[in-house]
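Peer 1: Below: one structure in structure tokens.
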Amino acid sequence: MPASTLNDLLEAGVTGRTVLIRSDLNVPLDGDTVTDDGRIRASLPAIRDLAEAGARVIVMAHLGRPKGEPDPAYSLRPVAARMAELLGADVALAADVTGDDARAQAAALQDGQVLLLENVRFDARETSKDDAERAALAGEMAALAGEDGAYVGDAFGAVHRKHASVFDVAAQLPAYQGPLVAAELEVLTRLTESPEQPYVVVLGGSKVSDKLAVIDNLLDKADTLLIGGGMLFTFLKAQGHEVGASLLEEDQLDTVRAYLRRSEAGAARIVLPTDIVMASGFAADAEHEVLAADALTSGAHGASAMGLDIGPETARAFAEQIRGAQTVFWNGPMGVFEFPAFAEGTRAVARALTEASAAGGLSVVGGGDSAAAVRTLGFADDAFGHISTGGGASLEYLEGKELPGVTALAGEGRA
């Protein structure tokens, strides 16, 4: 059954009602400063719509991975401050999740006001494997909303987690799908069910083990898989090439060889780099040179060299493939983009995605490090067809997995 939506809730009327909304506010911090507020901005439309409609809004979110207890390093205080700036209204911050302060502030909320609960992961029950423990916390969360309350799930970046604030609370209140989740699912459905051809997938990041299931699934759906990032070296090694001191997952070699055989037998074409930027070590100022992919240990640093980016020839070839696509999905940087000397491969891929989008294709940046990379490198969000707020959730959807935070909202909401 299709999920009821935020619009359904707004049409039913929310004035005077308390609405819990699970948002994705898991943003990077430098001390007390939010360094990338993309997820906060993406969460604001639903929060603003509820507040302007007269709801008493209680926002739930996590930040980082605290160990199930309060930790000042993971407090949502900087997030509340930035949210208030962007919202142009006060955002109160509770000192706890469902404790005395949260209950008192929730009870004192007036129509149109916004309260942010402290990091939900400060309560160990949020991520518990024990269903009863999570349900107990969800019951306390639901109690903050009262008898006429409602729940909106709008944290796409967390929907692959079976956590109390994402999954269990939806069973204890009338539950509605937020616009961010709806928009993400619409795009991902296009990628999995009806992608326009040619369909090119760009995969990077450090570990091939993180991408095994998505490669397995996309080999039968995409036309071309472009492989970069640290994961490429396991592919090169599987082909018999030496990779020096580059990142290598030897326990995945047999799996990768099987993928290469499937590709050769008619599945999606796997395209590997033909040249690599090899460095003397993992450092921004490391000496580096461009070497052919089949001669990575032939340079000045021999077998001690490590690959930190795809080479210029590969960057041009990947960009050409991307520009010629009607559908592009990208997850994972091509190199260590945080170091300027090793950012050019990622920059070339990002630029090509913007060009594919400008030409009328669908370009999707799959969240996580890829989203951080495009912003770090100065690209505007609206230059891409879609930037996902959930890297892990996007991948699990493309793997064909069920997302608990989505299925929890699929029951019929009631106003």
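Cβ from N, Cα, C; glycine included.
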Peer 1: Kindly point out which candidate in R121, R257, R261 is recorded by Swiss-Prot as part of the substrate site with D24, L25, N26, R39, H62, L63, G64, R65, R161.
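Peer 2: Site partner of D24, L25, N26, R39, H62, L63, G64, R65, R161 for substrate, according to Swiss-Prot: R121.
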Peer 1: Determine the C-alpha span of the substrate site listed in the record, that is the greatest distance between any two of D24, L25, N26, R39, H62, L63, G64, R65, R121, R161, in Å to the nearest whole number.
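Peer 2: Greatest Cα-Cα span of the listed binding residues: 18 Å.
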Peer 1: Given the binding-site residues K211, G307, E338, G368, S370, state which is nearest to G64 (substrate binding site) when distance is taken between Cα atoms.
Peer 2: G368
Peer 1: Spatially speaking, which of the binding-site residues G307, E338, G368, D369, S370 is closest to N26 (substrate binding site)? Use C-alpha to C-alpha, please.
Peer 2: G368
Peer 1: Taking only the Cα atoms, work out how far E338 (ATP binding site) lies from H62 (substrate binding site), in Å, as a whole number.
Peer 2: 25
Peer 1: Within 8 Å of the Cβ centre of D24, L25, N26, R39, H62, L63, G64, R65, R121, R161, which other residues of the chain have their Cβ, at the recorded substrate site?
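Peer 2: Other same-chain residues with Cβ inside the cutoff are A61, N119, G157, A158.
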Peer 1: Here the binding-site residues are G64, G307, G368; which one has the lowest number of other Cβ atoms no more than 10 Å from its Cβ?
Peer 2: G64
Peer 1: Enter the number of other CB atoms within 10 angstroms of the CB of K211 (ATP binding site).
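Peer 2: A 10 Å sphere around the Cβ of K211 (ATP binding site) contains 23 other Cβ atoms.
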